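Peer 1: Straight out of Swiss-Prot:
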MOD_RES   SER2  N-acetylserine
REPEAT    45-77  repeat 'HAT 1'
REPEAT    79-110  repeat 'HAT 2'
REPEAT    117-152  repeat 'HAT 3'
REPEAT    163-196  repeat 'HAT 4'
REPEAT    221-261  repeat 'HAT 5'
REPEAT    271-303  repeat 'HAT 6'
REPEAT    319-352  repeat 'HAT 7'
REPEAT    354-387  repeat 'HAT 8'
REPEAT    458-494  repeat 'HAT 9'
REGION    684-705  region 'Disordered'
MOD_RES   SER691  phosphoserine
Amino acid sequence: MSGDGATEQAAEYVPEKVKKAEKKLEENPYDLDAWSTLIREAQNQPIDKARKTYERLVAQFPSSGRFWKLYIEAEIKAKNYDKVEKLFQRCLMKVLHIDLWKCYLSYVRETKGKLPSYKEKMAQAYDFALDKIGMEIMSYQIWVDYINFLKGVEAVGSYAENQRITAVRRVYQRGCVNPMINIEQLWRDYNKYEEGINIHLAKKMIEDRSRDYMNARRVAKEYETVMKGLDRNAPSVPPQNTPQEAQQVDMWKKYIQWEKSNPLRTEDQTLITKRVMFAYEQCLLVLGHHPDIWYEAAQYLEQSSKLLAEKGDMNNAKLFSDEAANIYERAISTLLKKNMLLYFAYADYEESRMKYEKVHSIYNRLLAIEDIDPTLVYIQYMKFARRAEGIKSGRMIFKKAREDTRTRHHVYVTAALMEYYCSKDKSVAFKIFELGLKKYGDIPEYVLAYIDYLSHLNEDNNTRVLFERVLTSGSLPPEKSGEIWARFLAFESNIGDLASILKVEKRRFTAFKEEYEGKETALLVDRYKFMDLYPCSASELKALGYKDVSRAKLAAIIPDPVVAPSIVPVLKDEVDRKPEYPKPDTQQMIPFQPRHLAPPGLHPVPGGVFPVPPAAVVLMKLLPPPICFQGPFVQVDELMEIFRRCKIPNTVEEAVRIITGGAPELAVEGNGPVESNAVLTKAVKRPNEDSDEDEEKGAVVPPVHDIYRARQQKRIR
């Protein structure tokens, strides 16, 4: 019994690193480091135990060819071929990843070899793969494997032999005009193949294909350049807004734009569209959580469909039109199930195709998701219903929206304005606003929308009554009424007399007595301001303690760095305006605290060490390790001082004079020595250096039997 308990404990044992990884995934399901830990652990376990981890992995990253391949290889290793085929059915058509497709072909080749129909199945698999992934820049090996497979097929009789030659030639000719790496080698192999069949016919066959091959080879070089730097194995994660991600997005878009520019210079619109869509498919494997990529792909298909329809190719036009709808469907069914932008774009696309029932199903599908705010969905749904089916249909959607407890006040504003603008019925709009006021009377934004509507109608009495109702009913908390009071004052300033203005100001001061105690003049600013014009300078407004309620509200709604500066004028005088300069992020700075007596090789300031450049890393690997050098160590300061004191000569003659201590005596004619012994033996005296006593007494005389000098003199003679 104790042995069985130990076995169960061993089976249930979970390593600490796995527990930490699981905890990280609870906080962030897209933590790639945590997933790497789980993958390594799964690879060391039996497939029956690891399958759950793999299923979680491909569910979290359904577009990652690398992760699907890991899962499939684990099943192949366990010889679970029925499960392998089901996995291929789940991922192969959706994930156009070159390594995954190579794995598929390898699986068919290894497992179907003993079947009677192996040759047909293998040929179908290769044709299927080339049709889907043949435009991949790294697809050379698939083309070559297919050709070698066809060459190895046994052919009995001349008819079968001709069939095989035709099949091989067809694949060669398709491959030689397809831009990819190693296209030159494929072309050379094709030349040899044709020459091996019929050398006389080969010349014409090669000449016919040569121009297309040269074009494909040119494009292949551009293709390789534009794909350089793309991280094509990165799993698709939600936007992180990092510089590295922005760089990858930019590179992917450049690749797609390059394909759109028609580098092959072909007139076949179908081929252009297929190549562009292949680029989009490759991009979506990595950037599947970016809605703009999905939308642009669908838009491109829609444009191509219209272009083909204009040319009369109705079959391909319909094919691309349906494929555009399929792009939207894939997006909202997989990675972007809650992305309203794509739902709305999908609905508009189907509306343009007059498929209204489909549009209703799209909106209802989004509304069925429980953990979303459906307010904007109902608003767009109402607008569609009014456009496509009339005002009555829009009213039905509004009724449905009122019954949904998740909706907010915006649907009432939309419905009221829709009635006013479309049915021209002010009374219906007025009733909707009144109905909403009972439910949302404590929300300033709704009250302001109602006020704007009445102001637009120029109904002064009704507007004034609404102000009084809202401000005296007690439904609106005092802390939320600031903007209503500001709007009331602006209203009276525009249409009322001075007495009514002063009355509103007094009531407003009473409502905010604690906040504006001693700052009565600040309230005066609102009486005289207009839009972004103020009766005081910015510094004076600060001194008054003035606070613009409407501006503060707008700043809270609009993201400051992107939109606010262009919409909200800055309260600055011309004198106060100073040029904006780029400033460092001081929060990231490290205090300057140099180490005292820092050891050699260590940066004196903490945090000052930086990564070595790649070229320097290579050099450092070639050099011996530091422990091999025991000295002597150069005194850098003294060495630099010597360099500083050195006088660099401007001419060769001056350099010779400094080195030798005097001008050289050159022999003009005869066999005499070039230099005198006095010059050669004169000691070199450095500037700014004390002379030794021995040097002052005289020059050092060279040895009598100086063999080196004797040989030099013989050469000169």
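Residue numbering: from 1, along the chain as shown.
Cβ coordinates are placed from backbone N, Cα and C, and glycine is handled just like the others.
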Peer 1: What else in the chain is close to the repeat 'HAT 1' (45-77), if you only count residues 6 or more beyond its ends and a Cβ gap under 8 Å?
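Peer 2: Counting only partners 6 or more residues beyond its ends, the repeat 'HAT 1' (45-77) has Cβ contacts under 8 Å with 29-30, 35, 38-39, 83-84, 87-88, 91, 94-100, 103, 107, 233, 235-236, 284-286, 288, 334-335.
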Peer 1: Could you count the residues of the repeat 'HAT 9' (458-494) that DSSP puts in helix, in strand and in coil?
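Peer 2: The counts are 30 helix, 0 strand, 7 coil.
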Peer 1: Taking residues 6+ outside the repeat 'HAT 6' (271-303), which of them lie with a CB under 8 Å of any CB in it?
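Peer 2: Here the qualifying positions are 63-65, 95-97, 135-136, 231-232, 234-239, 248-249, 252, 255-256, 259-260, 262, 264, 320-321, 323-325, 327-328, 330-331, 334-336, 339, 341-342, 345, 349.
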